[in-house]
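K.L.:
This is the structure, below, for whatever I ask next.
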Amino acid sequence: MPSNKSVSDAPIVQFTNCRILRDHQLQREDLWVREGKILNPEKLFFDEKGSADVQLDCKDSIIAPGFIDVQINGGFGVDFSLATDDFKSGIDLVSQKILSHGVTSFCPTLVTSPPSVYHQVLPQISVRNGGAYGAGILGAHLEGPFISKEKKGAHPEHCLRTFEAGAFQDLLATYGSLDCVQIVTLAPEMRRSSEVIQELTKRGICVSLGHSVANLSQAEEAVQHGATFITHLFNAMLPFHHRDPGIVGLLTSDKIPAGRRVFYGMISDGIHTNPAALRIAHRAHPKGLVLVTDAIAGMGLAPGRHTLGQQVVEIDGLNTYIAGTKTLSGSVATMDTCVRHFQEATGCSVETALEAASLHPAQLLGIEHKKGTLNYDSDADFLMLNDNLYVQATYIAGKEVWRQDVLGM
């Protein structure tokens, strides 16, 4: 059967001999792609009388949606919180290198910085689709500086800020612009945070709670005003206490507005969170878990000294500390490693592990109609993986952008 050229001249590619992650299950069926989108084969056959122009044998690989990293501070020697003349080439390098780890879209993340850094860096971040040059950029994640001094973690104390009389105007003055901003992490116990959360949410910006000493009722109030995410659960917040579980209590709170889901990020690197804590969170609220790397400039590099914004950090094996301390400062984990560790630590299904790095972050950002799934008409950003969840190839808009030299690991 010839392709029906009246509908589109673009070639149709059929990926065969694969197991596709669709509707939360690995299904043995083919994947059809045209013009960067996933096709409904029934429409193709019956409405267009079309067929594939190219067939690719996937050799029994798993095909899953591309990973989405909503918290990544840099990598491969590049620090997104440093204002440099070649910032754009740095972000391009990271977006290219993370393709090999299955990341097809990401939110470059800036830790607490002086206003001058935001003013210099944010205009250089532009939202774009991915391609052969690298993963797509969904918008910036600004982690701080409106966070708690007590739970600052690796954030420099002299740069922390509070909301004064202007509240939202203070935030605007600090960042300079919100044009490319996708997520803002703040501490909800800060005075006037509620009005800031409402203003950000009105503008379609996701508000995340983190680096905070908030109690549960303060966290619930923030969610009622529009917050939908928790930045790296358990890290940089009050530990769970049975009389007041703090932000952690949002996972099972009965005060979440109807129809709203609270998502939470987890750094599943075997360092930041004990496997038992990972299991507790996952079992309490499986549909909210979003895997993040929180990777820093030292990801992909040898141990030694690197930067995280204004701080010097030291990498020792898989641990990263502020130099001279034992304060954890981001990770050097890659997203595919986090997915494998999550599956191993929780004993969850392959489907669940893959969705925590694809479907859930897409739902968090409200882009699940085009990213994070292999549904018909969604973007053809996907991965080929083996049964041990090692990435064999990465595709963006249906085109191969990275492939493992030797298949199978």
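Yeah, the Cβs are placed from backbone N, Cα and C, and that goes for glycine too.
All annotation found in TrEMBL is predicted automatically rather than curated by experts.
In case it helps, TrEMBL gives these features for our protein:
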- 62-401: domain 'Amidohydrolase-related' (DOMAIN)
- E143, H211, H232: Zn(2+) binding site (BINDING)
- A154, N235, A236, R243, H272, L328, S329, G330: substrate binding site (BINDING)
- D294: active site, proton donor/acceptor (ACT_SITE)
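Set these features in their place in the structure for me.
P.N.:
Across the domain 'Amidohydrolase-related' (62-401), mean pLDDT in this model comes to 96.
Cβ neighbour count for H211 (Zn(2+) binding site): 29 (other Cβ atoms within 10 Å of its Cβ, all protein chains included).
Over all protein chains present, the Cβ of G330 (substrate binding site) has 33 other Cβ atoms lying within 10 Å.
Counting only same-chain residues at least 6 apart in sequence, those with a Cβ under 8 Å from the Cβ of D294 (active site, proton donor/acceptor) are Q71, I72, N73, T109, H232, G265, I267, H272, G330, S331, A333.
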K.L.:
Find, for the listed binding-site residues H232, R243, H272, the residue with the lowest Cβ contact count at a 10 Å cut-off, counting only other Cβ atoms.
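P.N.:
Ranked by other Cβ atoms within 10 Å, the binding-site residues H232, R243, H272 bottom out at R243.
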K.L.:
Measuring Cα to Cα, tell me the gap between N235 (substrate binding site) and H211 (Zn(2+) binding site) in whole angstrom.
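P.N.:
So the alpha carbons of N235 (substrate binding site) and H211 (Zn(2+) binding site) sit roughly 8 Å from each other.
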K.L.:
Give the residue from the binding-site residues N235, S329 that has the most other Cβ atoms within 10 Å of its Cβ, counting over every protein chain displayed.
P.N.:
S329
K.L.:
Take the mean position of the Cβ atoms of E143, H211, H232, the recorded Zn(2+) site. Which other residues of that chain put their Cβ within 8 Å of it?
P.N.:
Q71, G144, I147, G153, H155, T185, S208, G210, T231, N235, A236, D294
K.L.:
Please report the distance from the Cα of L328 (substrate binding site) to the Cα of E143 (Zn(2+) binding site), rounded to the nearest angstrom.
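P.N.:
L328 (substrate binding site) to E143 (Zn(2+) binding site), Cα-Cα distance: 16 Å.
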K.L.:
Do you know offhand how many angstrom separate H211 (Zn(2+) binding site) and A154 (substrate binding site) by C-alpha?
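P.N.:
Computed Cα spacing between H211 (Zn(2+) binding site) and A154 (substrate binding site) is 10 Å.
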